[in-house]
Amino acid sequence: MMSQQDLPTLFYSGKSNSAVPIISESELQTITAEPWLEISKKGLQLEGLNFDRQGQLFLLDVFEGNIFKVNPETKEIKQPFVSHKANPAAIKIHKDGRLFVCYLGDFKSTGGIFAATENGDNIQDIIEDLSTTYCIDDMVFDSKGGFYFTDFRGYSTNPLGGVYYVAPDFRTVTPIIQNISVANGIALSTDEKVLWVTETTANRLHRIALEDDGVTIQPFGATIPYYFTGHEGPDSCCIDRDDNLYVAMYGQGRVLVFNKRGYPIGQILIPGRDEGHMLRSTHPQFIPGTNQLIICANDIEMGGGSMLYTVNGFAKGHQSFQFQ
């Protein structure tokens, strides 16, 4: 009989030596992002990257409510205003120039969306937290001026979240899919026939094929083409003009890329992830007219700062509603 010291023994080596090992996607085309801009030496929950028609980048800090504006050429960072609503999570820009800010509220029932100028003036409630129970994390405009939004409620065994469509007059809210666990990122295909949604705490990617009315799901059109692995899960996403989908993986320090059918075709790693740094990667977004992708991440858990990183994607970014 073997003594204990002679028994086969597991050792930390190779992938098992990483704080966030990549297993199922290890054979994908993989690149590592380069640092682009430090937003703060403090760990801030950066989110909501979006460019206006002048090419200025807007983003926010979820927990403190700061709205940032970055000049990509000079790298100058301004803070035009602070959200008056708790826990803003996304910024989308209307083609009239207004910022639409999604906010999570108390993470239970007091989320909503407000619109404001780039300086935070002329605030208008689009979806009021007093009259709904949504916890709104993200949204995407269609070409008609309506938008889809994600309801961030629930958890893995209590799927309260969903996806809804708001008509261009902002008066009618129509459910698209419901009973999902923390609906998070959302993107619309270039032809507006496919809606992508990430379900964070269930680690799933939804592909929803829509009829021409934009709210009816095609027969057998709601599918789950991909199941993610690891902690915590998929976050915000965006598309390029080839209809590839870029999904930030929160808690993993990387972005996964899928083709238009939902097959993984590449990944982007944030530097330091194997050592447990900058794991809170939340949102990818393209610089308008280019294939240059910006990714935000922070190092709150390790006491580090908040950064924007950059790579080149497969194709130029899709020119969404604000540029039409």
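Glycine is treated like the rest: Cβ placed from N, Cα and C.
Quick look at what Swiss-Prot lists:
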ACT_SITE  ASP235  active site, proton donor
BINDING   GLU47, ASP137, ASN184, ASP235, SER236  Ca(2+) 1 binding site
BINDING   SER109, GLY111, ASP129, THR132, TYR134  Ca(2+) 2 binding site
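Taken residue by residue with DSSP, ASP235 (active site, proton donor) is part of a strand.
Sequence-distant neighbours of ASN184 (Ca(2+) 1 binding site) (same chain, 6+ apart, CB under 8 A from its CB) are ASP137, ASP138, THR150, PHE152, VAL197, THR198, GLU199, THR200, GLY233, PRO234, ASP235, SER236. Between the CA atoms of SER109 (Ca(2+) 2 binding site) and GLU47 (Ca(2+) 1 binding site) there is a gap of 21 Å. Candidate binding-site residues: THR132, SER236. Fewest other C-beta atoms within 10 angstroms, THR132.
The sparsest Cβ neighbourhood within 10 Å, among the listed binding-site residues (GLU47, ASP137), is found at GLU47.
Cα separation, TYR134 (Ca(2+) 2 binding site) to GLU47 (Ca(2+) 1 binding site), rounded: 19 Å. Around ASP235 (active site, proton donor), taking its Cβ as the centre, 24 other Cβ atoms fall within 10 Å, counting all chains. Comparing local CB density within 10 A for the binding-site residues GLY111, ASP129, the maximum falls on GLY111.
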